[in-house]
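Below is one structure, written out as structure tokens; comments come after it.
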Amino acid sequence: MSDVVENTKEQQLLELKDAASKRLAYRNEQDTKRKALKHARFEEMREATPESGAEVELPRKRFYRQRAHSNPFSDHKLDYPKTPEDMNWKKLYPGFYDEKTGKMTQNVEIADIGCGFGGLMVDLAPHFPESNILGMEIRVQVTQYVEDRITALRRKHAEDACNFQNIAVLRGNAMKFLPNFFQKAQLKKMFFCFPDPHFKQRKHKARIITNTLLSEYAYVLREGGIVYTITDVFDLHQWMAKHLEEHPLFERLDKAWEEQDECVKIMYNATEEGQKVDRNQGSKFIACFRRIPNPEL
Amino acid sequence: MKHPFQLILSDKSGEHLFTSAKHHIQVFSTATGAIVGSWVDTVDIMEPLKKQQLKKIRALEAQHARDIKEAEAAAAAEPDAKKQKIEVKPIRIPKIPTPGPGAPPVYNFIRVLHLTADEKYLVGTTDSDKAIIMFELDFSQDNCLRLVKRQCLAKRPCAIASSEDSSQMIVGDKFGDVYNIGVTTPAVEDLKTFPQPILGHVSMLSDVVYAKHDGKEYVLTADRDEHVRVSHFPKSYVIKKWLFGHKEFVTNMLIPSWAPERLVTSGGDDFICSWDWTAETNNLLDTFSVRDLVLPFLSDYHIAPERFWTEEEAADRSLLEREITIQKILAVEKYKLLVVLAENTNALFVLNLADDGKITYNQTLTTDSQIITFSVDANARMYVGLDNKDGHLLDVYQFQSASDVEKLASTTMDQIAANSVVEVEKADDIYPLYHAAALRKRSEFS
């Protein structure tokens, strides 16, 4: 009897290992593909896929799953530019690099902080063709998924009006290194969708919205720029709204504004987390804020 | 055996030397070597843990009382049940965690001493209760130190600056937050009601500097990442800019009094940065490599801990690099010089800071023992704290001109060392004296 039990246990263990190695194998394969494709220029890519790209396969999320939490205080091995001027945006948005001038033809103006699996960016892309949109995500595998997803979308829609050249993702710690990426007043919109709630009181500094971090967001946002927040955790919603309301450089936008704003609509429906909340019939709480001018100093 | 001074700080006139060793602050007269002020931190190092325990016990007691009430109510609701017992588990008093064998030793010492611009207050930090301690200075008293405020913080304070009028202390903590603490306002007991930080980094703060330019006030902050940030003050939620240039942690920032728009920064890099921190763009004026200067003074102490070695390095130790940590930079105001100390070396490097921000080499001073810290007064006299087991804890130098430095006979300095009351039985009991190198990040997480 006990033999049987042990056998099944062993088998389960083997199966687990097998699944893990399958996931790893899949990611490795994608890795090779990504390396070959990621930095290819837009035109070259079109040549590489003369068909409309019907055979282009989107990456499968289940191979990239990763624990939902990451410690923002630990010193990860991160790649980030020494200054915003040193940032090589050409790598991320090859379609908007002008070979002649050596400059980008349009810049990142929208940031999705903690973009997760990238659903929001994908939905925002057709609405903001004149702005580059950047997703920042701290989890390695999730970032890789979004990268693969964007690469696939770019290939699949190479001939379409929205070819997803204006969205990109990078792995980074926005709480520590946001000013390394963006210049003062570079952004017009920042999204904080379903951030890690960090329930414990002693972990509150790990939250993405704190009064001290808001000053950094205010620095990279231009006057009139918007901060969007959405969460399914009511406590966190209250916390974020409270801190934004208390911050002297932000003012709350009212319900009427929220109802007429397209991004709110997209944010409400787009993200993977948001859809999960819908499936579980949870509530979603939204708060949006406008960056107001600096006071007299 | 005398414990070496971990911090020394002279006033502008050079009449007094403020020192710390372990949890003692002692103030000496540089004319006689006599102690003119002293203070000892008497708070038990276990204090925060005891407070925590008390809080837990109170919470448990409250819960216990509620449980009993509930059980009684339940019993009252069902009087028919025969074997109705009121069963509530008694409280288990939570233990105060004690370090097990092999745990790193706990030290209790003063980490920062700061003198306000008007020299009215001396401000320091404590380890025991993670407090800021503020002393009013009055040299007409037997003890020139009068503690006027002791403010505990949630996290250990590690950098102090003060506003121009000395009414506000700007204190950075290990968690990256900066608080504005008034001198005359009463201390806040309940930390929950403590005011919000005025600014914050998501990294340990290593230095905070208050500055004024064009009639506007600023606070500069440096952290264990490589960030140097300039914020307005007191509206510090308005960030002016970041100064990008360092690759490693930044340990100190210096704004020379003769050039208030200049800033010199250093830390874990093998170079020193010179900035125009007030400019809108092109802030970095010069980087000066100290590598060739410092390397001859480094020892195996400056090699990374073994657990960070790569396989190749472990196999061939000659591959291991000695790492440079600039511990302190001070200015010799009178001759517009900079003096640089690399941690755990016996050399001080004198550099010139030109008006255009360019840094050039002047000369090297060497001592017989390793240097722990140093201080410079307005008369270009420099006090050097030594890591010495024979009681010779201080050297004193006089800058005669921009190129001429003279080592003075140090009988009063030896007198000061002899008067210090902080004794240890053996060399092993001396506290760790070098802390900056530990700030180097060695990314263990992917």
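Each Cβ is built from the backbone N, Cα and C atoms, and glycine gets one as well.
Per TrEMBL, the features are as follows:
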BINDING   A:GLY114, A:GLU137, A:ILE138, A:ASN173, A:ALA174, A:CYS193, A:THR271, A:GLU272, A:GLU273  S-adenosyl-L-methionine binding site
ACT_SITE  A:ASP196  active site
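The residue listed as 'active site' and A:ILE138 (S-adenosyl-L-methionine binding site) are 12 Å apart (CA-CA, integer value).
Between the C-alpha atoms of A:GLU273 (S-adenosyl-L-methionine binding site) and A:ASP196 (active site), the distance comes to 11 Å.
Sequence-distant neighbours of A:ASP196 (active site): residues of the same chain at least 6 apart with a C-beta under 8 Å from its C-beta are A:ALA68, A:HIS69, A:SER70, A:GLY114, A:ALA206, A:ARG207, A:ILE208.
In this view, the densest Cβ surroundings among the binding-site residues A:ILE138, A:ALA174 belong to A:ALA174, judged by other Cβ atoms lying within 10 Å. Largest Cα-to-Cα span within the S-adenosyl-L-methionine-binding set A:GLY114, A:GLU137, A:ILE138, A:ASN173, A:ALA174, A:CYS193, A:THR271, A:GLU272, A:GLU273: 21 Å.
Around A:GLY114 (S-adenosyl-L-methionine binding site), taking its Cβ as the centre, 22 other Cβ atoms fall within 10 Å, counting all chains. Burial estimate for the binding-site residues (A:THR271, A:GLU273): highest at A:THR271, by number of other CB atoms within 10 Å.
In this structure, A:THR271 (S-adenosyl-L-methionine binding site) belongs to neither helix nor strand by DSSP; it is coil.
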